[in-house]
């Protein structure tokens, strides 16, 4: 048997065993019958190609032509004997392909063609392409380079640690010996000229150049009040920490300059809780002395640490995604891959004639085959002829607020109410502007990052605007999120934690909005921006923008539904031009909480993870929010944007908020408005069943509805409690009390069972009474 195989196939007969094993493994893995048959045919053709290749090599080594000579039968006999006896050549079957190619194009060209065909069939049999081989080689080199860099960094770190250890173990040199050595500071014994020459010789050229370009702070002229008012405030104040050289220079300045000149700006020093002092430059101050908090109070970004190259894994997922969709009969191809902080979007272009609905209906099947934690499909991607399939990353990147506030995008935004939303799927920073929204509705379940997102908006305002420009009203019925901000100068009133008082604060906001519009009308301007320009030129008081932040709308709607809904709707409809803006957050985006009126008047939405598709439709008017990952993963849809954008929101920790608040408290005291606080108390709604101040008096005429009730019964000619309820829209208790008051005044008669009461006041008498009351009010 062995000699027969060698005689037929030659050296290529050694490939029979591996191919048979490969086919057996495929059959054991329950591959389809057609796939097994295809692999068997590919293996057979590969054997038939390898035989002629070895026969041509054998004939070239012998210096002859194995496919010419004693006729067809003689050639086959010779080839068979070479294979079965000598175990050389390609066997008798190599004459069909090898002999034909040698006759047509010669041995060299035939050998090249056969080798190319062998490479092709090897790739088909193993499903490995040249691109895969190239990727494997590149990956190996990347891992090698990474290991080399890590080893070099590790060795450098170890050298640094050993150096520090040697310095710590070294004995301290006594002070007298130090003065005898070469470290004596002779500058205090030299003249001014010698000092200058000595410092110029020792100072490097680069340091000298920097000192020429950066003058000392004490030489800056004092900033005039007019210049400070017109000076724009940078969103981020860079903090310059004092180095050892600066400390030594300060000692030299202390000997020559005991005190700063009069009118010279002195930079304050912020002392943190850990005892570290930080020098703050007062370059971003307003007229009231407000200084923007330094960026170093926020935690540094950790996004670049431990980040591994996942391009190969991403490409494998892309291929698996295409194969998964293809198994359902949908042909697509990858046209783009974008990796964001929390998700990766694979952009697929369907083949001609494929409906988009066929891809969107495969979301659950794709999640099953890829073992993904939820799949969101965006079909189509706005502005692209592709369908986006978003898969969660195995390792999510935290987007710190410091990274966003300290970015060029945030600095160039310009508006005082700009805030960084986060990073989108392509890794770009998304900036929002509350003044253009002009109101925002935020919704998400517990743990989705709703309160963290709201805190990041507040922190952005603190880093971007002074109390003269923006004032805040914070409403927190939960009493756990916003009380930390008590005492900062931006607050108009202390943080509101009572639901009834929150309704009063919204009522005051409506009154303030109407006052501002009347002020605009009197001065002939259209909005707050034009009024503040006029105020600067005519010595009027500038008005700040007011941002009202509500952390939990559901609790307010349960306590005072009618008052809260009316106030929110009026503010949302009219408050933009008055410079007043709403940020409303809720963890229960139900139709009884986020009513149709509220949705219609607040166009900008931020949806975090919700529990079901119905809640997603309430907040976004479409599904998708139920498939988010939580922890800041959100859909951002400002006014004017057709489809929501998926963004990883910024993260702000509690200790960061406390550090910024402590810094603001040490810098400026709180600026609460007592008049606003009293107005808020006056607007608190009175619960049903309790008497108002007008109803507690002894005089019945004090009730503002009494005269309206008299007019109603005179016009009707009869009086009843139910009639007053319908006509004046009153409750039964108040309508009955008014009816008793009318009986005491003699306007109506006594009750006569179920019949209406008799009206004893004629229309002429009522007109006289009305005229007398009008004259009395004019006299007063």
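Just so you know, glycine gets a Cβ as well, placed from its N, Cα and C.
TrEMBL annotations: computationally assigned, not manually curated.
Per TrEMBL, the features are:
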{"type": "BINDING", "residues": "444, 445, 446, 447, 448, 449, 450, 451", "note": "ATP binding site"}
{"type": "COMPBIAS", "residues": "154-180", "note": "compositional bias 'Basic and acidic residues'"}
{"type": "COMPBIAS", "residues": "190-203", "note": "compositional bias 'Basic and acidic residues'"}
{"type": "COMPBIAS", "residues": "250-264", "note": "compositional bias 'Basic and acidic residues'"}
{"type": "COMPBIAS", "residues": "683-693", "note": "compositional bias 'Basic and acidic residues'"}
{"type": "COMPBIAS", "residues": "694-704", "note": "compositional bias 'Polar residues'"}
{"type": "DOMAIN", "residues": "426-617", "note": "domain 'FtsK'"}
{"type": "REGION", "residues": "151-269", "note": "region 'Disordered'"}
{"type": "REGION", "residues": "683-704", "note": "region 'Disordered'"}
{"type": "TRANSMEM", "residues": "6-29", "note": "transmembrane segment"}
{"type": "TRANSMEM", "residues": "36-58", "note": "transmembrane segment"}
{"type": "TRANSMEM", "residues": "110-134", "note": "transmembrane segment"}
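Same-chain residues lying 6+ beyond the ends of the transmembrane segment (110-134) with a Cβ under 8 Å from its Cβ atoms: 22, 39, 42-43, 45-46, 49-50, 52-53, 56-57, 97-98, 101-102, 104. Cβ-based crowding with a 10 Å cutoff singles out 448 as the top-ranked of the binding-site residues 445, 446, 448, 451. Looking only at the binding-site residues 444, 447, 449, the densest Cβ neighbourhood within 10 Å occurs at 444.
Confidence in the domain 'FtsK' (426-617), given as mean pLDDT, stands at 91. Those same-chain residues not listed among 444, 445, 446, 447, 448, 449, 450, 451 yet with C-beta within 8 angstroms of the centroid of the ATP site C-beta atoms are 587, 608, 609, 630. Remark: residue 450 (ATP binding site) has 442, 443, 444, 585, 587, 608 as non-local neighbours, by Cβ distance under 8 Å and separation of at least 6 in sequence. Secondary structure at residue 450 (ATP binding site), taken from DSSP and collapsed to helix, strand or coil, is helix.
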